[in-house]
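Please read the structure below before turning to the comments.
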Amino acid sequence: MGISTVLALSLLWGPALSQGQWIPYTTYHDSVSSPGAPVETTTTEVFPSGLELRLANGGDRCQGRVEVLYQGSWGTVCDDGWDINDAQVVCRQLGCGMAVSAPGSARFGQGPGQIVLDDVSCSGQEPYLWSCHHRGWLSHNCGHQEDAGVICSDAMAMTSPPPDTWPTTVIYESTPHFPSGLELVFPSGLELRLANGSDRCQGRVEVLYQGSWGTVCDDGWDINDAQVVCRQLGCGMAVSAPGSARFGQGPGQIVLDDVSCSGQEPYLWSCHHRGWLSHNCGHQEDAGVICSDAVPTTTPPPDTWPTTVIYESSPVFPSGLELRLANGSDRCQGRVEVLYQGSWGTVCDDGWDINDAQVVCRQLGCGTAVSAPGSARFGQGPGQIVLDDVSCSGQEPYLWSCHHRGWLSHNCGHQEDAGVICSDAMAMTTPLPDTWPTTVIHESTPVFPSGLELQLANGSDRCQGRVEVLYQGTVCDDGWDINDAQVVCRQLGCGMAVSAPGSARFGQGPGQIVLDDVSCSGQEPYLWSCHHRGWLSHNCGHQEDAGVICSDAMAMTTPPPDTWPTTVIYESTPHFPSGLELRLANGSDRCQGRVEVLYQGSWGTVCDDGWDINDAQVVCRQLGCGTAVSAPGSARFGQGPGQIVLDDVSCSGQEPYLWSCHHRGWLSHNCGHQEDAGVICSGAMDTTTPLPDTWPTTVIYESTPVHISGLQLRLVNGSDRCEGRVEVLYQGSWGTVCDDSWDLNDASVVCRQLGCGTALSAPASAQFGQSSGSIVLDDVSCSGSEPNLWSCSHRGWLSHNCGHHEDAGVVCSGPDSRLAVRLVNGSTRCQGRVEVLYRGSWGTVCDDSWDINDASVVCRQLGCGWAVSAPGSARFGQGSGSIFLDEVSCSGQEPYLWNCSHRGWLSHNCGHYEDAGVICSDGWTTVTPPAPTTDWWEPTVTTTVGPSSNCGGFLYNATGSFSSPSYPGYYPNNALCVWEIAVPSGYLINLGFSQLRLEQHSYCNFDYVEIFDGSTDSSLLGKICNDSGQIFTTSSNRMTVLFRSDISVQNTGFLAWYNSFPRDASLRLVSGNSSYGACAGRVEIYHGGRWGTVCDDSWDTQDAQVVCRQLQCGDAVSAPGGAYFGSGSGPITLDDVNCSGTEATLWQCRSQSWFSHNCGHHEDASVICTGNYGTTTASVPNISTSNASYSCGGFLSQHSGRFSSPFYPGNYPNNARCVWDIEVQNNYQVTVTFTDVQLEGGCQYDYIEVFDGPYHSSPLIARVCDGARGSFTSSSNFLSVRFVSDGSITRRGFQAEFYSLPSNDSTNLLCLMNHMQASVSRAYLQSLGFSAWELVVSGWNGNYQCQRQITPSQVIFTIPYSGCGTIKQVDNETITYSNFLKAAVSSGVIKRKKDLHIHVSCRMLQDSWVHTMYIANDTIEVSEVQYSNFNVNVSFYTSSSFSYPVTSSPYYVDLDQNLYLQAEILHSDASLALFVDTCVASPNPNDFTSVTYDLIRSGCVRDETYRSYAQPSPRVVRFRFNSFHFLNRFPAVYLRCKMVVCRAYDYSSRCYRGCVVRSKRDVGSYQERVDVVLGPIQLLDPPAGKKSPGKGSP
């Protein structure tokens, strides 16, 4: 039986937390020295403001204390956050090789000057230390005892020949060139060796440190660490990295622990580790290594063998490992076989994919992998299976370097032998030589079929045209995009890809179509390196020939020469001219202006073609001007006078220099100075010039890749300037934009460009009317971050395939608009009619398509928990305002309701009788209104607003919450927000923080929250910037909360809550029994002259702890509910109390509003404290039931019923694990309703789970927690409910009811013994436009079995499991039989309706058959799941011939008589196998746990008379045993046998594993587990005088 296991990975996606702020310097230098230039003494390159770097107080210039020359004085760097990445930048900048370590704590002594840098955080790639993120110049919170240091690898190098006594470690790494007179000194003799192995390339890892050899601990030791060791010792590649002292325990010290290498380091000690001689392990964990050059040897290595030698080697793997492809048409395709221990074996296809095949093809020198077929595509191999679960990244040098299950370890058969087809398999025209090696080791450059070339045909020059490949043929445009074109342009040396036209833009090719479904990342070296369908495999015609236009196609003025190569391969190593410098000219300071580069002694400009924020980022970083603010083009800072030195610059933003970016070539351009590029960096000074009064509606800050002057943008035909039809001014005329692929990202760019706030919707289909002008843009695709609309990807100016009926529109929020949502007319703030504040007015939402996902967004936005239901039809009354939204469709993950897809603002086709509502979990009760005698007020509606407007406000509810701007996103700099809270007179206010994360400071001087006891003129209750858990309480009915942030360092901010309570509130305990004393009883609260009670919803010991402390009664012993001390008589004052346990008073805890509840006095809460137990004889009541025996879970098969937690309504036990399986008749659905749920608070402790089928293999419908109620419905006839409790705190538990109703009657599926029966409603077919005669089985070949049977209401198909095209799919856990019904449009030239595909499948799972039916997504989807039992026939037979079954019941036998049993699977599939796992005898057919006798258990024979017989087929099992002696004491006996169903001949499955002693779980896979009960068996009356009967013959 199969167990379907789904592993869900939840990625917590959140903003990275910044530890500091980059503060640029602002001085200006006309020249910047070339990186890498020689330096004098200990200084490196000179930067603006005279920045220099050195290492001081070390043994040489490449180790020491880090010092920076800043403003003319040397200062140090603090070690806060200092690590190997920071040290790497220092070493590179000083030309000192690689970083070896990054010591802190003033390892090289304390420096005398200032501390100039702190909190330095480098990625390791920066060109200069001050390019890294840091706290700011001279800003720190440390002393010189934390001065940072660095040790670089060149600190260990020598410039003079080594002495005769040179250690055994030889370093061949190259030494950088420095000015004469510098000598680099080696530190104290670090060496490396492998000890106690059979040769020098395998053994225990040992390091010579401070003159003694020591070992390395295996904590974290892996193949990457071993790789470094093998390379350092010149021993080839790492084969394995054994730990646990595989090569014996070493005698010396443990010198390294927690070693973590990337695999690229030059020395083992270059890797990250715990520190020298620092460890937490013993020698039993000594690490080892086996390298590929390890070879068996019978003599010890020579005494003079060096322990570390660096040289190149050709790996020869141990024990003669080889690789070949067998049974293919040539050596480059076939079944994968590995020579292991002298024999060829195969590789299993589990997890086998193109990455694995890539390694095989490279290893054999067969080019790149074309495909990775499994399922013994090249026949089943004869030998062993040597590898399984192979998982390669594609970069490994050998197949056995990949991760795998282990040699000769597998769970598969030869029917799963893996194969490979390499690219060179198709180019072989001559037979293979007899001496062809089976394993050839080549360099990693791919070898492709001979003679492959690439060209662009039928274009105006060699860099544009139809893509053709020799194999001469074309490429199909299926999936063809700009990434594919990029590879073509790079391969041909034609610059960057401009566009990737399809549909035979350059004419239809005459030859073959050689490639289809090409999918490139854009980084591949050749087009045929990209993923594709396979050579000459396609499903297209030449009308789909793909084309390319490259950037160099636009600069060609002469025809290409006849000898122009069709494929040009360039070297990827950049070469820069000498003397390059960079500056920004003609701006108000050095950090803004026109970009100029000093090239060949003259300053020149950069063209703005393709110029964007990434390019500007490189400029700003290179000049030390902070981050890029904008990248203006069109000579924003005036036209430059010199040459144009660079054009088509394209940076990723990470490059160290502007000229490191991809560009057209030096002095190569197609532009003029009117397109000079500019940059504005964050380090630029603010301008004081006011903006002109005539500011246009479109301001162009950024340049566009197509250089057209006068571009503008507007929205027309809307109610104001921030909504309407999108129009662009192009070449002097206004034109529209087509709505093809138009979405909210595109609209966001428009709204931001026009200064109109955020995008609310992106209406299409000319919602704002059709224009009469040109259509200037089509197929616009924005990421949402572009500076203007024309920066987005589009089809090209004036290129389109649409009409004005597709004009795109936009609705923006407006520059000063405020959006909010609220729930009105409900009994609490968390239920009611949904209303939205839009442009100053409240309006409703229509219920068309309104569902639980939409409600979820509303509940989360309002802080009301999760959505319980989404009622429509004006459940909460009809609204009176506008209807703002209709056809809302949310995924449930959106932050605000208006982010969901909808029809458009104020666009609807409904009335207020369809107003949508929401009920959230925090408001899912009917609240009893307060009595007229109280002084409580009518609750008001709480609203929440979007991030643009949630900075401050007036709060006037009894309880509520608010947050910092954009929470949980980062709050802005320079924020000042003020919230005023006011409650009725006579009430006080509590304020607490659920989350609080601000910039940290001991005095809260930067970002902080201030709480005032009234207005801001009142006394200060507190000033906080970190989460102390404190609750602030006012002395009046008013409170003011102020939040302020400074100009730097943002964080996620805070989420605050508040509640209110009467000033005269007091507390007591009432027990009615004096023996309990004053510290135990019913909790009562006084207010307004009356005592009231507290409801026990969510009441626990944390709440009780607050009560006990407030009354000075010691600690809480228990928190009984259910009116344990009797029911009170006054009002119910509080409900849903939720204390952390640290509050000073009960009313500081969070709860519902006072007198708001959904309970009665039978739920009054109580407390028992420790206070008086020392002076009373009364015992503490025991309310725990955790030690009592109980029944838990079960199988429910009736039409309806009820179940509950153990001991309900008493407290359930701890550590409960209960599962109820509810199965009803086929084609019915199950609904379960929870009528009472009282569990421990917090859904991670005690909870209920509802599954859509068996719980171990089905999707989770819902997790039900304390206080939640609701109904949940299955999609099939099976539903599981699982209850879990932890080891502490129990409560009353839950009660649930269930019932079943018929599912939809459109489709129906039954999985029977020999076939599946599918029925489709004729009415359903008619509704889709099909007749009953058009529906057929897809694989029907005329077989009468598959013909349809048409009744007046149904079309019925009988589909055998082994015919009519039924497909059988198997894996280790399931067997699935699949087919599908189809109805297609088969006549005419065009069609106006979709084809119909109804997929049907029967899948065997653990305890039942799963029946699924669905319709493919080219039509409406319909799903049905049905469960039924698997059929196995078990019978007694009269003899070992198994010819005649026993038909009588009871079956009367003699004592010790041979009994013969046969079991058989009743199913038409002949490829199933049956196995007897367990057989147990009992005198009671309903109790197999009390008095039992084991015949066989877990496949292990327990009865001496048990004997199995040969199986006539895998689906039949036969065995015998003798009647039992204990039958003398009982009138009858019953057998219960557990049978296991598996795949036949799957020797890894349970059916072929025999006796297995299980300790934790079942071993081996199977498809089905079947429990069978047989009997009764009764003894015959024994003949007189018979005393010792003998056993019968076998």
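Positions of Cβ are set from backbone N, Cα and C atoms, glycine also.
These numbers come from a predicted model, not from an experiment.
Taken from Swiss-Prot, the feature disulfide bond applies to C78-C142 (among others). Counting Cβ atoms from all protein chains shown, C142 (disulfide bond) has 18 others lying within 10 Å of its own Cβ.
Taken from Swiss-Prot, the feature disulfide bond covers C91-C152 (among others), and the record attributes it to similarity to another entry. C91 (disulfide bond) carries a helical DSSP state (H, G or I). Listed in sequence order, C62, G97, M98, A99, V150, C152, S153, D154 are the same-chain residues at least 6 apart in sequence whose CB falls under 8 Å from the CB of C91 (disulfide bond).
Summarising the annotation, Swiss-Prot assigns disulfide bond to C217-C281 (among others). Long-range Cβ contacts of C217 (disulfide bond) within its own chain (separation 6+, distance under 8 Å): I254, L256, D257, D258, V259, H279, N280, C281, E285, D286, A287.
Under the three-state DSSP scheme, C348 (disulfide bond) falls in the strand class. Taken from Swiss-Prot, the feature disulfide bond applies to C348-C412 (among others).
In this structure, C422 (disulfide bond) is part of a beta strand by DSSP. Marked as disulfide bond by Swiss-Prot: C361-C422 (among others).
Residues annotated as disulfide bond in Swiss-Prot, with similarity to another entry given as evidence: C392-C402 (among others). Cβ neighbour count for C402 (disulfide bond) (all protein chains, 10 Å cutoff from its Cβ): 19.
Applying an 8 A CB threshold to same-chain residues 6+ apart, the list for C550 (disulfide bond) reads L456, C463, Q464, A485, V488, C489, L492, C494, G495, M496, A497, V498. Swiss-Prot lists C489-C550 (among others) with the feature disulfide bond.
According to Swiss-Prot, the feature disulfide bond maps to C607-C671 (among others).
According to DSSP, C900 (disulfide bond) sits in a coil region rather than a helix or strand. Its Cβ taken as reference, C900 (disulfide bond) is surrounded by 19 other Cβ atoms within 10 Å in the chains shown. For C890-C900 (among others), the entry in Swiss-Prot reads disulfide bond.
Taken from Swiss-Prot, the feature disulfide bond covers C1095-C1159 (among others), and the record attributes it to similarity to another entry. C1159 (disulfide bond) is surrounded by 19 other CB atoms, counting those within 10 A of its CB over all protein chains shown.
Taken from Swiss-Prot, the feature disulfide bond applies to C1108-C1169 (among others), supported by similarity to another entry. Note: C1169 (disulfide bond) has non-local neighbours L1069, C1079, A1080, A1104, V1107, C1108, L1111, C1113, G1114, D1115, A1116, V1117, i.e. same-chain residues 6+ apart with C-beta under 8 A of its own C-beta.
C1192 (disulfide bond) counts 14 other C-beta atoms within 10 Å of its own C-beta, drawing on all protein chains shown. C1192 (disulfide bond) carries neither a helix nor a strand DSSP state and counts as coil. Residues or ranges marked as disulfide bond by Swiss-Prot on the basis of similarity to another entry: C1192-C1218 (among others).
Annotated domain 'SRCR 4' per Swiss-Prot: 454-551, in sequence order, evidence recorded as sequence analysis.
Residues or ranges marked as domain 'SRCR 5' by Swiss-Prot: 582-682.
The domain 'CUB 2' annotation in Swiss-Prot covers 1192-1301.
Per Swiss-Prot, the feature domain 'ZP' maps to 1310-1558; the stated evidence is sequence analysis.
Taking DSSP states H, G and I as helix and E and B as strand, the domain 'SRCR 4' (454-551) has 17 helix, 29 strand, 52 coil. Sorted by the number of other CB atoms within 10 A, the disulfide-bonded residues C281, C361, C392, C1095 start with C281, the lowest. The average pLDDT the prediction assigns to the domain 'SRCR 5' (582-682) is 91.
Each of the disulfide-bonded residues C422, C1108, C1218 was scored by other CB atoms within 10 A of its CB, and the lowest score goes to C1218. The two recorded residues, C1095 (disulfide bond) and C1218 (disulfide bond), show a Cα separation of 28 Å. DSSP classifies C281 (disulfide bond) as coil under the three-state reduction. Within the set of disulfide-bonded residues (C78, C348, C412, C607, C671), the lowest number of other Cβ atoms found within 10 Å of a Cβ is recorded at C671. Just so you know, the Cβ of C890 (disulfide bond) picks up 22 other Cβ atoms within 10 Å once every protein chain is counted. Of the recorded residues, C412 (disulfide bond) and C361 (disulfide bond) place their C-alpha atoms 24 Å from one another. Of all the disulfide-bonded residues listed (C152, C489), C489 has the fewest other CB atoms within 10 A of its CB. The DSSP secondary structure for N327 (N-linked glycosylation site) is coil.
Between the C-alpha atoms of C900 (disulfide bond) and N458 (N-linked glycosylation site), the distance comes to 47 Å. Cβ neighbours within 10 Å of N458 (N-linked glycosylation site), excluding its own Cβ and spanning all shown chains: 16.
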